[in-house]
Amino acid sequence: MTRKLLLRALAGETLPIPPIWMMRQAGRYLPEYRATREKAGDFLSLCYTPELAAEVTLQPIRRFGFDAAILFADILLVPQALGADLWFVTGEGPRLSTVTTSSDFDRLKPVDAIHETLAPVYETVRILSRALPSETTLIGFAGAPWTVATYMIAGRGTPDQGPAHTLKDEDRPLFEALLDRITEATVLYLSAQIEAGAEVVKLFDSWAGSLKGRDFDAYCVAPAARIVAALKDRHPGIPVIAFPREAGPRYEGFAKETGADCVALDNSVDARWAAKHVQTDGCVQGNLAPGHMVTGGKPLIEATRAICRAFAGGPHIFNLGHGITPDADADNVRLMIDTVRAGNWT
Ligand code: CP3
């Protein structure tokens, strides 16, 4: 059997055409997603109903033939599995019960209890590993500890992660205990996804950019390195993609510091800089601004080609720099894929 393209790129191979998938590829910009979500009732029911979660995971594969499918779930299922209340407010986003005191922390469940809540997610992975085309790679994922902690501490998304920074600065032992709990839960969660059939796992540190200096080392790099080491120990050969979004200059060296096989780049990174300073350590992924999926046209084609050209000399997975937005047009996704797969990007 010829090896799947995504796994070849992750193993460090330079391919003539990069494999391609898209963050949030199963999402509200697709009418078939909206129909299945309607059927499920609400977003969390969709996440916890394996047949429906598998269905929405497969929809973008059927429609576009992406090289990878990403498990449909959410990074906030881990806090819920640790005992936090979680709900989504339509048009606003997630809400959680907060962890800001030791008594809040003491009410959290021990890490091995997470599987009770997360078992349906593993079932989704099992369904997908049977249902996916043989050339499509299945990616599992979790939020990185810092990003998950920012939601657990604030009880919602925050523009500057203020409440998490406050807890870090005012009660560092409690903050670090929380990060440790999430780190351990994440290892168990990703291991279980791999045992169920995930072939690659990705760690989303969406708010890495607000950690500076030693905080970046202690709360972004160190937990990612711990998770990667534990996974490599339990499941040798399973590649890990790390996404320290908005890490800026700290993208340089990130793969070496954490042991990740691939670093995902947000769209603020200069691709030619990243080719020289990040891709030299292994595979890179991402970088196309998601706004092109709304606006399309010649700028989309040019930006797509520029990324393909910049990364043509090394291992590369084509992707956006962040998730596709609900107002995106599926025709623009098709145009991006065709542009990548046509090659000849001059
Ligand atoms: O990428 C995929 O297609 C796989 C599924 C996936 C979702 N969320 C589904 C989802 C993945 C990998 C995530 C990751 C996630 N979730 C992150 C990290 C990546 C990032 O975007 O920075 C974060 C921070 C979350 C937390 C989260 N989930 C927020 C803040 C929101 C609300 C904002 C929004 O887009 O509505 C969600 C909801 C969510 N997660 C949706 C989807 C498809 C939309 C829910 C809906 O259908 O109403």
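Along the chain as shown, the residues are counted starting at 1.
Each residue, glycine too, has its Cβ placed from N, Cα and C.
All annotation found in TrEMBL is predicted automatically rather than curated by experts.
Here TrEMBL flags R24, Q25, A26, G27, R28, D74, Y151, S206, H322 as substrate binding site. In the three-state DSSP classification, Y151 (substrate binding site) falls within a helix.
Across all of the domain 'Uroporphyrinogen decarboxylase (URO-D)' (19-28), the predicted model scores a mean pLDDT of 98. According to TrEMBL, the domain 'Uroporphyrinogen decarboxylase (URO-D)' annotation covers 19-28 (among others).
The annotation domain 'Uroporphyrinogen decarboxylase (URO-D)' is assigned in TrEMBL to 139-155 (among others). Within the same chain, residues 21, 68-71, 73, 75-76, 78-79, 84, 94-100, 125, 161-164, 167, 175, 178-179, 182-183, 186, 189-190, 193-194, 198-208, 211, 219-220, 223-224, 227, 241-244 sit at least 6 positions outside the domain 'Uroporphyrinogen decarboxylase (URO-D)' (139-155) and bring their C-beta atoms closer than 8 Å to a C-beta of that stretch.
Other Cβ atoms within 10 Å of the Cβ of D74 (site 'Transition state stabilizer'), summed over all protein chains shown, number 19. Taken from TrEMBL, the feature site 'Transition state stabilizer' covers D74.
Within the domain 'Uroporphyrinogen decarboxylase (URO-D)' (19-28), the DSSP-based counts of helix, strand and coil residues read 0 helix, 1 strand, 9 coil. When the alpha carbons of Y151 (substrate binding site) and D74 (site 'Transition state stabilizer') are compared, the span between them is 12 angstrom.
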